[in-house]
Structure formats: C-alpha cells, structure tokens
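Student: Take a look at the following structure, please.
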Amino acid sequence: MWRLPGVRAALRGVRTAVERRSRTEAASETSVGAMERAVVRCVPSEPKLSLSFALADGSHKNMQRDQSEPLGRALSRIATNALKGHAKVAAAKKSRKNRPNAGSGVACAGPGPEPAAACEPVVKLYYREEAVAEDVLNVDAWQDGAVLQIGDVKYKVERNPPAFTELQLPRYIMAGFPVCPKLGVEFGDPTGSLFRWYKETKPRAAEPEGGGPSSSSPSSPSPGWTETGVDERVYTPSNADIGLRLKLHCTPGNGQRFGPSRELESVCPVEAGPGTCTFDHRHLYTKKVTDDALIRTVSYNILADTYAQTEFSRTVLYPYCAPYALELDYRQNLIQKELTGYNADLICLQEVDRCVFTDSLMPALEAFGLEGVFRIKQHEGLATFYRKSKFSLLSQHDIAFHEALQSDPLHKELLEKLALYPSAQERVLQRSSVVQVSVLQSTKDSSKKICVANTHLYWHPKGGYIRLIQMAVALAHIRHVSCDLYPGIPVIFCGDFNSTPSTGMYHFVINGSIAEDHEDWTSNGEEERCNMSLSHFFKLKSACGEPAYTNYVGGFHGCLDYIFIDLHALEVEQVIPLPSHEEVTTHQALPSVSHPSDHIALVCDLKWK
C-alpha cells in the first residue's frame, strides 16, 4: 500500500479535477454545438496517414491516405463516403416508413413521390479560419487544430493525440493480488494517462450446461457497474470482488493533452486466491518502508516465462507443478504481490522477460514508489528497482562479460591468461551473461552514493571455471565504477550466482582470492582446464549468510543466490526469514500454486556504517 498518503491524495485531487474539467468542458461544448473529433495519425517513418471520424449516420470511418497525396483527393473521398452514409440513412428511413403497422396490421399509405437524389456534401478543411488549398499535400494539410467540415458538420482535427496501441487485462485476476493492465501508449505515457476502475454490481449468471443461452447473451441487458474508487493504473481486488468482473476506463495522455478514451472488461471474474503463499509470513516483517538509515534489499530470480513455458519445463523440470501455475498471467499475480509486500528500497531481479518488465513490473512497482532499469541478456535479462523517495539514478554501467573481456583494457591481463587455454577461452566467450551496474545517490544526503550490481552467472553445473572468469570480470568492473569513477562508494552485489558455498566462485568472492590449483579450474574436464590465480581487493560478505537452499526443484536444492555487501561501509540490520521447509514443500517443490519461481527471494535490511 502507499506510504505517502498526502502525495497520493494530492495526485488523486489533480486527476479528479482534470477529469471533472474535461467532462464540464465537453458538456458545455455540446450545448453550443461542439465539434466532433477527427483523429489524424501521421508519423514520418510511414508512407500513409490515417484519418478517423464519425459520420452523421453514426458509422465510423477509418481512412488510409498517402502522405504525399494532394488534399483534394482525400476530401473527395471523404465526400463520397459521406454520400454513401446519407444514402444508407435514407434507405433505412424509407424501409421503416413502408413497414406494416405492428398494432393494426394495416399497411401504410403508398410510398408517394421519390425523394430527390442526395447531393454530394461540400467537404472543406480549414486552418486558422482559412480554407486549405486542395493542392497542399496531406502531410502538411492535416494540422492539429484544423477544422474539417462535411456538409453542416464540423470536426476538430487532432493530429497525433495520445492513443493506446495495446490494452489488455490479465487472464487470471485474484482477490488480494494487484491487477495491472498491459498497455502501450503512442504520443503519450502511462503516467500522464487517466484510469478509473469499476466492478460489476452483481455476478453474471453462469452459462447453463450444454451451452444454452445465459444472462450474458446479446439480448440480455448490459451488466451494471459500480465505481471502486480507485483511479490508479494498478487495482487490488478484495474478497468482496470475488465472482465479479472488472472494467477499466482509461484515457491516454501525456500530461498536456488527452486522446480518445477506451474501456475494457476482464474476461473472467475475480477468483479467490490460492490461500496462504510462501511469502505471506515474510510480509509480516516488512509491513512498512524502512527509515532513511536503512536499505531494504531484495534479490530474486523470478523464473523467466521463456523458460517456464517449455515442454521440458512442464514434463521434466517441474512436472509436479500444476500447468496453470506455470502460466505467466498466473505467476505475475504472485510476483507482483510478493515484491510489493516487501516494501523494499532496492530490488534486483534475474530472469526478467522484457514484456514482464515493461507491462507488469514497471507499472505495478511504480505505483508503490519504485523506479526501474532493465538490461537484456538474450532471451531475458536483469532488472534493478530503487525507491524514488530514497534514491535517484546517477549513472548506469552495464556490461556483457564476453564483450568487456575482449575490448576493455581493464581485463587485458585476465584475457592474456585465458588465451593460454583456447578451449576454455572459446567457451567463456560464447556465454551471453551480463552484469547490471547502477550508481544511486541518496535523495536525503547527496554525499551518500552506492554502487548496486546485479547479475546472473552461467548456469551449467560443470561451468565452475566459467563462473570464476565471469566473476573476475564483474569485480574488476565494479571496482572501476566504485573506486575510479565514484571513489569510495560502497557496493551491494546481488544475483543468482549459480554457485553453492562450497564452490570456487563463492570462495573467491568471500576470501578475495583463488589459487590456480582449485578444482573448479577443471570443472568440465581436463580438455577445458584453465589454471590461474585470481584476486580482488573488496571485503565482501553474504548479507543473508548461507541458507540451506535458495533454489528448490524436484531434482536439486541448494544455495545459489546471494546479496554480497561491502563490509567497510554496510552492515546487516536484519535478515527476513526464508519460508519454512514445510511451506516450500507443501506442493512438493518450487514453483507451485503458492510460489511463482523455482528460487526464493533474499530480503535483508542493510545499514550505513
């Protein structure tokens, strides 16, 4: 929930005032013969422009015209369409006039004289009260604020107003779980748009068995809707909403102007949640946002949809998980609720699909005061979110390991060592892993800055030496950022390191060095041996210690995820307890209907020293 009620109330007041003013102006304009809308979409990268408007007969016209076409041709086409619309109206009137009287059964009088053929209406385009010449090209003629006149009807031209290019509600909507529409806005942005949520006044009658007609048939009256009182992009249904469908009324905007509003209704009604989730008990420790002296940090591999929705995942990796619980729409409900319930200041996520970041995580977490940045890897990527009231983003320094190793002089010595082992070098350079590095500055004390790193190292069980090389590149790069670019700033390094505490990678991070004879240098056999000694100057600690596991699937469980912190500048205030073993294994393993990933989030409160 919001922890800034004053700000939220002020924002709601602004939105309400804008909506009220828009409705008042619309009513005022209507009373004096307000102009209809003619919406023009014209972008330089496309050869055609689109023109959309409603004719007097109620039909809606969508036209595509070449931008390089003279205006006169477009106006002529509009006149033809208007004439056809007029003819349809006349034909409908004639048909009604000749229809037998339903009450007496007596036919109406004869048709009488035929009406005169309708003439093509005069169509003109005006700009600043002057007619636009018909030889002007469409691209130049259709300006914002121009007036299109079709016969006696005038239309105000709106060129490139904000518009939704995509608008969709999730399939699964559950009580107690945030609902965030998937949307795309052209010539605008979600933050400048208006939203209002409604719910049905009563549930729809269920469709009878056998597929017979139900209360939702076309002949049935439309369902009644009640305002929920929520005017944000994200809505969290309550238990009182179970069985009711939701409706969202939204108006695209950019902070200065608004486009045509749209409405969408949920396909399915709100369902009951899955019961107790693995994170519910953890939320008891994170009910409030921490004070300025603390940094609540989360690291979490949320399981990319690109991996969850494969036949291999369903039949081999997670055969114990109900298929619907692997679907993205379902898992997003749980992920959003889990993350928002931590009230975190920093969230580092791995295995984030691009669409999940833009359409789900960004809007949902933004509503709770967080801003985020994304780094794509290949099929998925990394996301780092920070609380806007505590931090601002100063700079980003993301790298791909294989690119940095080959091109950055910082890693010249390491590359020379690796070049002595061609087979190992080839394998290392084939990997697409990245590290996301963000420098944040405290909004309360500008002298306090922090380097936040986030990564997902190579996954293969026999890739120990590859992870060692990747970690050496990461730590050298982080040192450059935290010592050379921003001297002396502390480091928080989160991620899925795919390494248990017994591995060389973990030993290297915690102890600051690794010997050339460590067994991980031959993790994939003698052919890929690459013995070398490595060291780094950081003093790092695992903030959450060494849990028994952070990854729990049918065939494996172990600790793979860590939040490494700079011992010189940070200390641990508290670690949020992980779910109990009973909670994790309630449905055999992870993921499950009550847990959205095969990993468990690490959550801790850090304190500046």
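Counting starts with 1 at the first residue shown.
Each residue, glycine too, has its Cβ placed from N, Cα and C.
From Swiss-Prot, for reference:
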- Asp496: active site, proton donor/acceptor (ACT_SITE)
- Glu351: Mg(2+) 1 binding site (BINDING)
- 214-224: compositional bias 'Low complexity' (COMPBIAS)
- Ser217: phosphoserine (MOD_RES)
- 203-231: region 'Disordered' (REGION)
- 1-16: transit peptide (TRANSIT)
Student: Need the DSSP three-state call for Glu351 (Mg(2+) 1 binding site) to compare against my parser.
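Tutor: Glu351 (Mg(2+) 1 binding site) sits in a strand per DSSP.
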Student: Hey, does DSSP put Asp496 (active site, proton donor/acceptor) in a helix, a strand, or just coil?
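Tutor: DSSP call for Asp496 (active site, proton donor/acceptor): strand.
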Student: If you count Cβ atoms within 10 Å of the Cβ of Glu351 (Mg(2+) 1 binding site), leaving out that atom itself, what do you get?
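Tutor: Other Cβ atoms within 10 Å of Glu351 (Mg(2+) 1 binding site): 25.
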Student: Reported as an integer number of Å, what is the Cα distance between Glu351 (Mg(2+) 1 binding site) and the residue listed as 'active site, proton donor/acceptor'?
Tutor: 9
Student: Under 8 Å Cβ to Cβ from Asp496 (active site, proton donor/acceptor), same chain, six or more residues apart: give me those in sequence order, or none if nothing qualifies.
Tutor: Ser299, Asn301, Gln350, Glu351, Thr455, His456, Leu457, Leu560, Asp561, His599
